[in-house]
Amino acid sequence: MTELSALVERVEKLRGTMVLCVGDAMLDRFVYGSVERISPEAPIPVLCIERETAMLGGAGNVVRNLVAVGAEPAFVSVVGDDTAGREVTRLVGEHGEIDPCIVVEPGRQTTIKTRFFASHQQLLRADRESRSPVGEAIRAQLLTRIERLLPKAGVMVLSDYGKGVLAEPIAIELIRRAKAAGKQVIVDPKGTDYTIYAGATVVTPNRKELHEATGQAVDSDEQVVAAARQLIDSCGFEAVLVTRSQDGMTLVRADGQIDHLPAEAREVFDVSGAGDTVVATLAAALASGATLPEAAHLANVAAGIVVGKVGTAVAYGDELVVALHREDLTLGEAKIVPVTAAAEVVDRWRRKGQKVGFTNGCFDLLHPGHVSILAQAKGACDKLVVGLNSDASVQRLKGPTRPVQSEASRATVLSSLATVDLVVIFGEDTPLEVIGTLKPDVLVKGADYTIDKVVGADLVQSWGGKVVLAELVNGQSTTNTIKKMNGN
């Protein structure tokens, strides 16, 4: 199995992992509008507000990202008895996958970060917050709830935004309890004194935070490694994962191993919350049994996804799979998409009046028979989507020695063909769910089927589509090719 295949499989294993996240919950508000003039009162732009949204921020965004990759997080935090606190509690409750343990502290100001945007450009951020440590009674409640949740957790995350939930006594105590229970601890740190996180498994400072915590220059790879090693030596961390914006990430481990991961983003729109995505993906991966380098690789890929979105965004599991495939692609890379993204593209095609076709198969060792069917399929429509069985699906259908080529390789070959407009990898034995989602106008299969035996034929016909049986090329099959290769 290739490293890529292993990572793709790892993404699936993120589902159902239990991660305990403790930290500062916030409310992220986004105000979108347009700017067409300068204020006569001062040399500042006038934002004409068009819409507003709100979502979980701070440690809450870590939890959102955990849910996005399929994890089942428990969330322990504190809010005030104010409107923002009630909104945070409501937003947490909207995610059925989250086990919420939100403690209300009377009189506390719930942190609100309000960002103003015009044409994807952030103009201003306005904060309302409290940085005071939570009271002793609240701290006792937090510890009681965490003690109950810790045994079930694969990993504990401390998401410290310096708003009081993880003030020194509680951070130290939580790490002590987690280590005693044999749990890994990931810390997204705040401030300059990292000794309060001593004994944590991994800390994830950005470049600026690393400089402030160590006082060292962090411009080059060598300087970043030296500063990270200082933290490892002084605080007993197993590893430091440094996020370095356009320079990617650097993982430095106590055993001396170093991994430099290049930035994955193609275009950066907004870095809001990217650090939360890194922490969440890293935690879910470690909870699933991944090694630190594997987990860091996935976290780096996830960060590249979210900075390409506007606002405090998340990276979904299917987006991770697509991004992993793209690492090895040269031609047709934009053609390989998850079914959710394919549905959006198909909708755009339909609005332009284009007829959408669909065919599917394993396409292991592409041969003239495959090429002929794809050409006939494209001839029956304007845009052709190819459903591709995943490696696991092919193995169930064809046996333990198949596929010969990985799903990444098969998708790459298909996407390089001019007849193919999109490739969607599916893990089920049949493409029925994909067909139901995309609702193609034309469904194409080889003439070795009859229409009543074609999976999805009744569905396509139910919405007025048609089923086309493509002519076969005699003697062409992957099985025959494999037999010839084996001398049979």
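Using the three backbone atoms N, Cα and C, a Cβ is placed for every residue, glycine included.
Annotation comment: Swiss-Prot describes 1-331 as region 'Ribokinase'.
Under DSSP, E209 (ATP binding site) is assigned to a helix (H, G or I) in the three-state scheme. The number of other CB atoms found within 10 A of the CB of E209 (ATP binding site), across every protein chain shown, is 21. If you look up Swiss-Prot, you'll see N206, R207, K208, E209 marked as ATP binding site.
Feature annotation from Swiss-Prot assigns active site to D276; the stated evidence is sequence analysis. In the three-state DSSP scheme, D276 (active site) falls into the helix class. Around D276 (active site), a 10 Å sphere centred on its CB holds 32 further CB atoms from the protein chains shown.
The annotation region 'Cytidylyltransferase' is assigned in Swiss-Prot to 358-488. For the region 'Cytidylyltransferase' (358-488), the predicted model reports an average pLDDT of 89.
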C-beta crowding around K208 (ATP binding site), within 10 angstroms: 12
Neighbour tally for R207 (ATP binding site), based on other Cβ positions within 10 Å of its Cβ: 18
Rounded Cα-Cα span from D276 (active site) to E209 (ATP binding site), Å: 15
From binding-site residues N206, R207, K208, the one whose Cα lies nearest D276 (active site): N206
Same-chain residues at least 6 apart in sequence whose Cβ lies under 8 Å from N206 (ATP binding site): V242, T243, R244, S245, G275
